Structure formats: structure tokens, C-alpha cells
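J.: Dumping the structure here so I can ask a few things about it.
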Amino acid sequence: MNRESFAAGERLVSPAYVRQGCEARRSHEHLIRQLLEKGKCPEDGWDESTLELFLHELAIMDSNNFLGNCGVGEREGRVASSLVARRHYRFIHGIGRSGDIAAVQPKAAGSSLLNKITNSLVLDIIKLAGVHTVANCFVVPVATGMSLTLCFLTLRHKRPKAKYIIWPRIDQKSCFKSMITAGFEPVVIENVLEGDELRTDLKAVETKLQELGPDNVLCIHSTTSCFAPRVPDRLEELAVICANYDIPHIVNNAYGVQSSKCMHLIQQGARVGRIDAFVQSLDKNFMVPVGGAIIAGFNDAFIQEISKMYPGRASASPSLDILITLLSLGSNGYKKLLKERKELFSYLSNQLKKLSEAYNERLLHTPRNPISLAVTLKTLDEYHDKAVTQLGSMLFTRQVSGARVVPLGSVQTVSGYTFRGFMSHTNNYPCAYLNAASAIGMKMQDVDLFVKRLDKCLKTVRKVQNKDSDVSGVDNYDKTEDVDIEEMALKLDNNVLLDTYKDASS
């Protein structure tokens, strides 16, 4: 309602009451105006009524929501289901145009404005998280792997002779397949063991770069966030190598926004050397549905080139999800989540250390990994070669998600490349282990319940060890104490459990 509408309302209701309602609306509009003027995440989160007012105001700027609109083209924002329309707040046109995902659509001013505001807010949050000199970023409606592929394809035009990507090994399929999908040959650099940690072999990287020839190398593809005992790559040193050899540098920062240490590494790498772009997941860092990522960098022109590489228009859903989330949280709310995650990491570390020592195991010493932890499973592995994977299946049936057990000697072929010791980031890690991570949104009760269930599983396996040398006896073991739904789950067929766990962990 505008001034004229309120004035008309005063003829029907007491002017004093109408003026009060008008002032209430102005408070909502003030928040919206500040957002549009500053382009930054508000300190305090918005209430839902302000959010819905804002989204409604944007949606009615799109031509599909015009009263009396007559569309005679093949893409006019037509939606068969009203439920689908409401799910998307009637933003039907998507974002971008056929030549550029960041371009403005003439018949979708509201969706275009939503896209611009979202990218501006995300840029503000990346700076808040620690990468203060980032120049530009945009939300892309594909997950991390495809976003990396987009970066590599953009570099292809700049380096037409290049056919290799140098990649310090991390056992995660999507980042590996992102290079294959882009049509390049990954050159895997094995990590080196320093104490318990797996770290970047800088000498091997530089030697391979010289051997292949800088002109034949598209880029170095490094990683920050990862599963322990691997730790973030030596980004500063790699950035210096890239600067010295004039080689692009793409960083997989999948769930690194939530870690001040990962973000600091990116900032320092850009300061002392070269980082062209870094890619992060929306769902892992901001607790939104899977399907979006952020591509960011320190050169505005290069980030714009990547956005123009995206073919066609794109879904606005990831942009809408992250916009709603950031406006709901506010910068203070997001900072609070980051603080809680860091505190829970210490709590999880202490709890796992206590539990591991009770079973003659130990928490691996990986101080450079700020998110993931690993506990040895030596006693299980020494007892029976299937005991480690059996523990994983037991946790999975107890509804423990995210934890992963890593046995010795696992072999996996990915896109024609065979990895020995797959999931451990190296050919021969000294022991089997179990991973757990403290990620954003985790609660203390999640840690407590996980440790309790892990304790039960370890006790059950130990009892089976004492009773029978056949680890499959876990499923037939007569459980008389603490019988509940978790224990009942263990009665399921062991082979089915094992296959299910393997599928879930990979």
C-alpha cells in the first residue's frame, strides 16, 4: 500500500489507527531500503513478515506476475501447478540470460534484482568470514564439482595448449571428476606424511610442473577443507609457485567458509602469490538445500568471464535460498554459528580423545585441520580385516550419518584412474581410522549422542571379539542389555548393511 491507499483507508477506519499501521509498514520498508542502498547483510536478522513482504515486492516486478500480461513466447513464466509457483515465491524466470548468468532480464526485473542482491550479500559474508580482499563472486546453481568444471573451462580459452591439471591428492570423487569432465588430464601429486598429518608435497608439485612445462599445465587445483588426517594444502607456497611460473590457481574451498583458518589461508595465498578463483558449497557452509555454490576471486574481470561461460539461463532457487537464509540470520547470526562450530570442534575433539583412550586407540594429531578429526582403529583392524567396515555399518544403522570409517588397502577406480588406499588420501596410511567433523549447525547434543552410539558399537564389537573370531557374529550376538531401536537395527542382514554403508561413505 502507498500513501494514496492509506489516505483512502482513513475514510473507513480511524485515521489514528491507519497512521499507526502506516508507520509499522514504514519500519519494514526502511529495512528493505537499507539493504538496497548498502548491499550488505544486515547485522540483525529479519523477521519473516519483512522477508515475505520483500520477496512479494520483488516477484510482482516480473512480467509473469503482471496483471493483464499477455505472453506469446516460448518462455513466459508459465507454471502448471500453483503449489510449484508458491514454492518459488512466483519467481519463475530464473536468473541471467543466454549469454551471461549475471545479466539482467528485461522481463524479470524482480528476479534480476534478487540475483544482484544475493551476490552482493554473499560477497559481504565472504569478507566477514576472512577473505577481506575478494573482488567479486556469484552464486551458481550447480554444486561444487560442476562449479570447478566451469572454472577450468574458462581457463581453457586463456591457455589453449594446456592439457594437464596438477592436483595434490584428496580422495573425493567430485573434485577429481570436475577435471575429467572439463576434458583435462589430472596429474596426481601424492601427499607426504608429517607426523599424523598428510601434507602437500611442494617439491613434487614443482618438479612435475617443470617436467610437463608451464604452458602445458592449465592450473594447480588445490584444496582447503578436507577429511583428517589430510590437512589443507600449503596454499601460500602453492600460490607463490603459481605466481613464479605464471600458472593459474583454482582452490576447492568446499566447506571452508565456516573455518577462519581455511579463509585465512586463501587470503594469505592471494596476498603473497596467485589465486584465480576459489569455490565453496552453499549447503555445507550456509545450511540450505544442495544445488548451489559460490565462485569467488580476486580479479573482477576473471570472475565475470566465468559467469559468461555458463550456458543459458539458470535456476534462481539456490540464490533465493541463500538470500532468505542470510537475511534471516543477519551477519551477527552467522558469526554466532561460526563461533559455536569452533567451540564444538574443541568439545568433539576432547570427547573423542577420552573415548579413544578407553579402547586403547588415540585421536590422531592433526592440528592443521580445523573441521575434521580422526580416531585410530588399530585394535579392530588387527583383530579382523572386516571389523573396521563392520563398525561403519553399525554406526550407519544407528542413524549416525557423516561419520566414515577408512580401512586399510581399499582400492577404487574413478574415471579410469585407480587409487590405492582410497578414502585415506594416500597409498599406505599407517592405520585404519574413523572420521568425524564439527560442521556449521552442529549441536552439543549431536556430539553427545554420536559419542554414546560409537561407544556402544565399540563395546559390541569387543564382546564379539571375545566370544567368536567371526566378526559377522555382530548380527547374531545375543544382546540383553540396553535393548532399543538402535540394537534392533543390528539384527538386519550384515551383507546389506555393509553394501549400504559402502555406498553411503563413497
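Positions of Cβ are set from backbone N, Cα and C atoms, glycine also.
These came from TrEMBL, pasted as-is:
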- R75: pyridoxal 5'-phosphate binding site (BINDING)
- R97, S98, Q105, R313: substrate binding site (BINDING)
- R271, R398, K463: tRNA binding site (BINDING)
- K284: N6-(pyridoxal phosphate)lysine (MOD_RES)
J.: Name, in the order they occur in the sequence, the residues of the same chain whose CB lies under 8 A from the CB of R271 (tRNA binding site) and which sit 6 or more residues away.
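T.: Within the chain, R271 (tRNA binding site) has Cβ neighbours under 8 Å at T133.
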J.: Find the shortest Cα-Cα separation between R97 (substrate binding site) and the recorded positions R75, K284, R398, K463, and name the residue that gives it.
T.: R75
J.: Only counting partners 6 or more residues apart, tell me which same-chain residues put their Cβ under 8 Å from the Cβ of R75 (pyridoxal 5'-phosphate binding site).
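T.: Listed in sequence order, they are H93.
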J.: Please name the residue among the binding-site residues S98, Q105 whose C-beta has the most neighbouring C-beta atoms within 10 angstroms.
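T.: Per the Cβ count, the most surrounded site is Q105.
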J.: C-alpha of R398 (tRNA binding site) to C-alpha of K284 (N6-(pyridoxal phosphate)lysine): distance in Å?
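T.: So the alpha carbons of R398 (tRNA binding site) and K284 (N6-(pyridoxal phosphate)lysine) sit roughly 23 Å from each other.
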J.: Using all protein chains in view, find how many other C-beta atoms are within 10 Å of the C-beta of R313 (substrate binding site).
T.: 21
J.: Enter the number of other CB atoms within 10 angstroms of the CB of R97 (substrate binding site).
T.: 17
J.: Of the residues named as substrate binders, R97, S98, Q105, R313, how far apart in Å are the Cα atoms of the most distant pair?
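T.: That value is 10 Å for the farthest Cα pair.
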J.: Based on the record's binding annotation for tRNA (R271, R398, K463), what whole-number value in Å is the widest Cα to Cα distance?
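T.: Across R271, R398, K463, the widest Cα separation comes out at 55 Å.
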J.: Count the other Cβ atoms sitting within 10 Å of the Cβ of R398 (tRNA binding site), across every protein chain shown.
T.: 22
J.: Out of K284, K463, which has the highest number of nearby Cβ atoms, where nearby means within 10 Å of its Cβ, if these are the recorded positions?
T.: K284
J.: Can you tell me the CA-to-CA distance separating S98 (substrate binding site) and K463 (tRNA binding site), as a whole number of Å?
T.: 63
J.: Report, in whole Å, the straight Cα-to-Cα distance of K463 (tRNA binding site) from R313 (substrate binding site).
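T.: Here the two Cα atoms are 58 Å apart.
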J.: Measuring Cα to Cα, how many angstrom lie between the residue listed as 'N6-(pyridoxal phosphate)lysine' and Q105 (substrate binding site)?
T.: 30
J.: What does the structure give for the C-alpha distance between Q105 (substrate binding site) and K463 (tRNA binding site)? Integer Å is fine.
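T.: Here the two Cα atoms lie 65 Å apart.
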